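Novice: Pulled these features from TrEMBL for this protein:
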- 33-447: domain 'Major facilitator superfamily (MFS) profile' (DOMAIN)
- 34-54: transmembrane segment (TRANSMEM)
- 74-94: transmembrane segment (TRANSMEM)
- 172-192: transmembrane segment (TRANSMEM)
- 198-220: transmembrane segment (TRANSMEM)
- 254-276: transmembrane segment (TRANSMEM)
- 288-311: transmembrane segment (TRANSMEM)
- 323-340: transmembrane segment (TRANSMEM)
- 346-371: transmembrane segment (TRANSMEM)
- 383-404: transmembrane segment (TRANSMEM)
- 424-442: transmembrane segment (TRANSMEM)
Amino acid sequence: MQEDELDCDNVKLVAEVNEDLTKLLKYKVYKRRWFILLVICILNSSNAMLWLSFAPVADQTAKYFELSLDQVNWLSLIFLVVAIPVGFGTTWMLDTLGLRTSLILSSWLNMTGSILRFLSILDNIPVGLRNYPLLMAGQTLCALAQPLVLLSPTKLAAIWFPENQRATANMIASMSNPLGILFANIFSPMIVGSKEKIPQLLGIYTIPAAIVCLLATVGIRNRVPPTPPSNSALASSSEPFLAGVKLLVRNKPYMILLTCFGAGIGIFTSFSTLLQQILCVKGYSNDLAGLCGALFVVFGILGAFLLGLYVDRTKKFIEVTKISFCLAALASIAFAVVSQMRIQGIAVAVVSSLFGMFGFAIYPISMELAVECSYPIGEATSAGLIFISGQIQGIIFIMLFQLLTKKLADDPQYTCALSWKVPTLVMAAFCSAGACLFVIFFHTEYKRLKEEAVATNSQAIEQNNGIDNEAEPELLQA
């Protein structure tokens, strides 16, 4: 009897060991995934810095290039316009050609655009191309890179990282974009004390674009890892692009997320673009506007980091997203009130911090939620359509908010002559409506997590059955 018990214990021990060995042999993670994550982070930050280089110093940019504020705003708005048609091609490219090709292409577009921006201020450039036309051409090339950059985190997390690291990896890569916005809000006002410093700004922002282009071109050598990190990575991009789009359009939870989260992206894009102009009219300096933009991003990254770790452990995507949506809506209402007061810099900074903390925290979690409710459709497709929705709504919001401004006086310098009271209230109304719609109507199951759980259980059962069959003759002999 004791021998039989010992044999049974040995069989169970062998089964457990073999199950662990099977997982190690079938799924594997590679250290190089951290290098690819680093490249995406630097590229994302660089692209965001180029996007909003001029927003914190819109008045000085207008003076240097002799432009109107509307023309300066178009240097940022062009990113949203270009992203709409390019976004569809980007989703196809990421799911079809792979992450490596997309990252190398986007890094070269980003670097070339930054160089053209710098060339726009040189005197030896033909007069017809100098200044604004060449500057806009550079911004356009950088804009072409943005969809490839912003959609890469979800794809990277899906094919290179295991299930227990996906949300964190997505959070780190996604939050590098607002980190670039943070740098733009800090460094642009620091560098551009007067309009004569604009060339120095353009030169400095070219450096990180060149560095990350070199890293991507030389360092990224694999389209996918030799061995997948999880079961869902095997099914990545299993649906053809057009078939996947059709399925997404008929997916009610996904369409609600597309509308509400897309509105959130649009709101935050318009907020980052117009913040300096909103605060300028109440007498706040560019330094304070840059500080508020920086706090907006810093606390957003902090919130995303904490919630990313929490969601990786608990998998409570829906609960976290709904709570964050509601708190972000309340923060937008508070901003609409305090931004119209004078000599309230501390209050404006605090509200901007809260707006960023609750709003930015939604981004990486919602991208993961989009994959969960649309699985097995390609990650780039599900995330890409939300990105395109955000860009479309961003254009609408920026143009709408500009139309709703009230001219206070004729200003020959094109600065600080508009009232933003009505636009900020409308922005708060859109945030509140989106939060209510999402909280009430969004419900879904976690399809990818469910599929992985089923696959893991099936493998364990098959492994145990195989070991039981092998061990049965030995037990009979004993």
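From the backbone N, Cα and C atoms, a Cβ is placed for every residue, glycine too.
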Novice: Taking contact to mean 3 or more CB pairs closer than 8 A (sequence separation of 6 or more), are the transmembrane segment (346-371) and the transmembrane segment (198-220) in contact?
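Specialist: Since fewer than 3 Cβ pairs under 8 Å link them, the transmembrane segment (346-371) and the transmembrane segment (198-220) do not come into contact.
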Novice: Find the member of 198-220, 288-311, 424-442 that has more C-beta pairs under 8 Å to the transmembrane segment (172-192) than any other listed stretch.
Specialist: 288-311
Novice: Which one of these stretches, 74-94, 198-220, 254-276, 383-404, 424-442, has the most C-beta pairs shorter than 8 Å to the transmembrane segment (288-311)?
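Specialist: Top-ranked stretch among 74-94, 198-220, 254-276, 383-404, 424-442: 254-276.
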Novice: For the transmembrane segment (323-340), which partner among 34-54, 74-94, 254-276, 383-404, 424-442 gives the most CB pairs under 8 Å?
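Specialist: Between the candidates 34-54, 74-94, 254-276, 383-404, 424-442, the best contact partner of the transmembrane segment (323-340) is 424-442.
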Novice: Name the range, of those listed as 34-54, 74-94, 198-220, 254-276, 383-404, that has the largest tally of Cβ pairs under 8 Å with the transmembrane segment (424-442).
Specialist: 254-276
Novice: What same-chain residues lie close to the transmembrane segment (383-404): Cβ under 8 Å, and 6 or more beyond its ends?
Specialist: 70, 73, 77, 79-81, 83-84, 87-88, 90-91, 94, 147, 150-151, 154-155, 245, 248, 257-259, 261-267, 269-270, 273-274, 366-367, 370-371, 420, 422-423, 426-427, 430
